[in-house]
Amino acid sequence: MKTLLLTLVVVTIVCLDLGYTMKCKICHFDTCRAGELKVCASGEKYCFKESWREARGTRIERGCAATCPKGSVYGLYVLCCTTDDCN
C-alpha cells in the first residue's frame, strides 16, 4: 500500500512539472517599452534579451528560446534567464 501511494505521488509530481511553460517579455526593437508577456512554446526554456548599439541608439529584442542565443557580433549583448518575466 505504501509503495502504491509513493508511486502515485511521484507520478503526480512528474505530470505537474511537464505542464509548466515559461512566461517571457517579448518585443522587437521600438516596441520594447511596454514589455508584453508571452507564454512560451513547449521546449522553450529560456527568456532572452539582446541589445546592441546603432546610429539611432540602443536596440533591444526580447523573447523565448529553446537554447540561449549566442552573441556572435561584436557589441551584441545577450542575457538569458530561466524564471518567469526575467528578461
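Cβ coordinates are placed from backbone N, Cα and C, and glycine is handled just like the others.
For the recorded site, Cys47 (disulfide bond), the DSSP three-state label reads strand. Taking the Cβ of Cys47 (disulfide bond) as reference, residues of its chain lying under 8 Å away and at least six apart in sequence are, in sequence order, Met22, Cys24, Lys25, Cys40, Arg62, Gly63, Cys64, Ala65, Cys80, Cys81, Thr82, Thr83, Asp84, Asp85, Cys86, Asn87. The disulfide bond annotation in Swiss-Prot covers Cys24-Cys47 (among others).
Taken from Swiss-Prot, the feature disulfide bond applies to Cys27-Cys32 (among others), supported by similarity to another entry. With a cut-off of 8 Å between CB atoms and residues at least 6 apart in sequence, the same chain places Lys25, Ile60, Glu61, Arg62 near Cys32 (disulfide bond), listed in sequence order.
Annotated disulfide bond per Swiss-Prot: Cys40-Cys64 (among others), in sequence order. DSSP classifies Cys64 (disulfide bond) as strand under the three-state reduction.
The disulfide bond annotation in Swiss-Prot covers Cys68-Cys80 (among others) and rests on similarity to another entry. Cβ neighbour count for Cys68 (disulfide bond) (all protein chains, 10 Å cutoff from its Cβ): 15.
The disulfide bond feature in Swiss-Prot is assigned to Cys81-Cys86 (among others).
As annotated by Swiss-Prot, signal peptide applies to 1-21.
The disulfide-bonded residues considered are Cys24, Cys86; of these, Cys86 has the fewest other C-beta atoms within 10 angstroms of its C-beta. Listed disulfide-bonded residues: Cys27, Cys64, Cys80, Cys81; maximum Cβ neighbour count within 10 Å falls on Cys64.
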